[in-house]
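Positions annotated as ATP binding site by Swiss-Prot: Gly106, Gln107, Thr108, Gly109, Thr110, Gly111, Lys112, Thr113. Under the heading coiled coil, Swiss-Prot lists 351-385, 426-582, citing sequence analysis as support. Sequence annotations record features per position, and here Swiss-Prot assigns compositional bias 'Basic residues' to 386-396, 622-634. The compositional bias 'Basic and acidic residues' annotation in Swiss-Prot covers 429-449. If you look up Swiss-Prot, you'll see 19-344 marked as domain 'Kinesin motor'. The region 'Disordered' annotation in Swiss-Prot covers 371-449, 605-652, 742-784.
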Amino acid sequence: MSAKSRRPGTGSSQTPNECVQVVVRCRPMSNRERSERSPEVVNVYPNRGVVELQNVVDGNKEQRKVFTYDAAYDASATQTTLYHEVVFPLVSSVLEGFNGCIFAYGQTGTGKTFTMEGVRGNDELMGIIPRTFEQIWLHINRTENFQFLVDVSYLEIYMEELRDLLKPNSKHLEVRERGSGVYVPNLHAINCKSVEDMIKVMQVGNKNRTVGFTNMNEHSSRSHAIFMIKIEMCDTETNTIKVGKLNLIDLAGSERQSKTGASAERLKEASKINLALSSLGNVISALAESSPHVPYRDSKLTRLLQDSLGGNSKTIMIANIGPSNYNYNETLTTLRYASRAKSIQNQPIKNEDPQDAKLKEYQEEIERLKRLIGPQQQQRSEKQVTAKKQRVKKPKKETVTKEMSDSLQVSTIEQPVEDDSDPEGAESESDKENEAEVAKSNEELERERVENSKLAAKLAELEGQLVRGGKNLLDTYSERQIELEKKLVEIAERKKREIEIQQQLELQEETTLEIRERNVSLEQEVELKKRKLSKCYAKYLALQQELNDCKSDHNQDLRELEMAQNELVKELKRQLLIIDNFVPIEVKQRLYTQAKYDEEQEEWKFSSMSLPTPPGGDGKFSSKRPVSHPQRRRPTSEYALQEAKSNSPSSLRFKSENIVNYELEMPCRTTQEYRTPKVSASLQAVLAQAMQTGGDDIDIVDSHTNSLRSRLENIINANANGGAGPGAGVAVGSSIPNVRNIKSSRGLPSAASNLDSNRRPPTGRLPAKKPASAYPKARGLVNK
């Protein structure tokens, strides 16, 4: 057997820096898109590795966007073609000792899970992951003089938390970093010995994976799944160890809430998915622009992909897109990120003689067990031989003792007994000692046999985990199949070189045409300049459209980030509301002061060692639930107290007891409030005018005095004309000057009082006469 046939894989030991290989795959039109008659906007040219995207709304052929990749596959491409042309060389490099990574990227519902896993029970539709299993074990079975150790793990990133899909009830995992790269401690790994074992592990993990329904996909993946394969290989001749690691990643698709119709829990999942994918896009952009800072720590996904993007790994990015105009914006975004990822350079290094190789530990443990078992088996055989000898000697002693006893009996008959010692008792004691030694040796042998059986079982278990190559070659695959695989690899390499050459020719086409063309006349030169001008103008329009698209995408990203920020703010307010209403103030202050942010795990933690001692004196915090009021049995918020006071049906759940509270019913009122009488507007105006102060008051008094004088004179004249005799007339006449004198001396008030005294009351009755002593008699009148 040649050296080449004994080596695992066919790749070279030293490789220069290489870029991430980007492949685009377009799915066929779905039944829903056909029923809605949505036009196709994607044209794929597999021979050139070109994807052309056209906006149907614009309709201008010059506005078509063209993207070039390492390979492009349309809807007619099969799973077998994709695997043999793209994935097969990468898996061969992993079997050589390199790190490899394959991840599917794109919008939800574009066929990422179909590309990675395929359809169960259908060999033609089998995805990349199960085909990888077959290639690995085919290589192990036909490689001689090598020992292999294959371990697999399966995890998912759900809501920015790492979960072990092989142990669904385990605690959340953490991401750590060391000199060799990023790893996940406490991740459960299963040792596999065949293709069937690896398929069973994948099926168990898929059952535990989170899947949901959306308007875009009935079986939408709600988490990022990572299937890890670690292959350790040891050359039995040179005793060199190589380790190859392969990460197969099925990313969740980016979503827009308006299209997926996500709500409640699905909306939270979509926000976390979009956040992780946007972080991945930022990492790709930073690596493409050779930025000094790459934001790997923005999400758990980018941290796990740190070695695959810009690290020690060979990486393939499969961008899945949809052909419909309905997904134009998402398709354009995916193609742009994929185009940027082409310029990312990795530094793959072969992992030779690693310090953490389990294969080396297993070999050392096997040698130690063999050294323990070897001497014990030799001692066991020696003890068995001695035990057999003792069993053989025992009957001889019995015959000898019988002969001796016979001779002693004869001697006792012939001679008197001189000694009282009994030889038979001494022989029986020696026999008992021999039997005890034999029983003891048998117990030791049985105990050593049990220990040897345990060591042998452990040795068989360790040797069973190590798979030796070069067996069952004729039973699994024939020589023709091996040659066919080699030819397929050569064809894939040749096709890849043809695509690269075709792309280089297209880039140099413009320069070669300018060199070859010779201007014969001015008209041809003008025509040539016009064509150049039209091309430059088309490039200008394309760049301008690209700039506008970038602005719109940036605005869309800002709006999505604002929505995510609003959701986070609402969640924060809800948490703060709970803390303010249900957590005691001293506990809240203590938690705020002791909270620290762990950048490694990206979460807040509390230092239990630095927490203050509680006032109880026993050094322990009370486990009793805090109360908001001493008279209440449980913490109650202000809103619950207000609702408990009302008797509405919705407030029954806030009541601690099944008692309806009613208010006191008061009797009806028998009195009314006093209301002031209404005053007419005209009277109100007169009163307001009368209440005014100023020079008008004097005029009013003068006019009133004049009116009283005129009325008084009329009354006096009437009384004078209606007199009954001379006495009366004289009396009346004599009273006139008296009245005038009174008027002149006492003024208007006295005259008014006399006038009022002569008036009749409103009832028509005369007023009662006053007694004479009421007023003093006049002492005479004085003429003017």
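If you go along the chain as it appears here, the first residue is 1 and each next one adds 1.
The backbone N, Cα and C atoms fix where each Cβ goes, and this holds for glycine too.
Not measured: the values here are computed from a predicted model.
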Do you know the DSSP helix, strand and coil residue counts for the compositional bias 'Basic and acidic residues' (429-449)?
21 helix, 0 strand, 0 coil
Thr113 (ATP binding site) has how many other Cβ neighbours within 10 Å of its own Cβ?
24
Write out the long-range same-chain contacts of Thr110 (ATP binding site), meaning residues 6 or more apart in sequence whose Cβ is under 8 Å from its Cβ.
Arg27, Gly253, Asn320, Ile321, Gly322, Asn327
Below 8 Å Cβ to Cβ and six or more residues apart, same chain only. Which residues does that give for Gly106 (ATP binding site)?
Lys112, Leu251, Gly253, Ser254, Ala319, Asn320, Ile321, Thr334
Using DSSP with the three-state reduction, classify Thr110 (ATP binding site) as helix, strand or coil.
coil
What same-chain residues, at least 6 away in sequence, bring their CB to under 8 Å of the CB of Gly111 (ATP binding site)?
Arg25, Arg27, Asn320
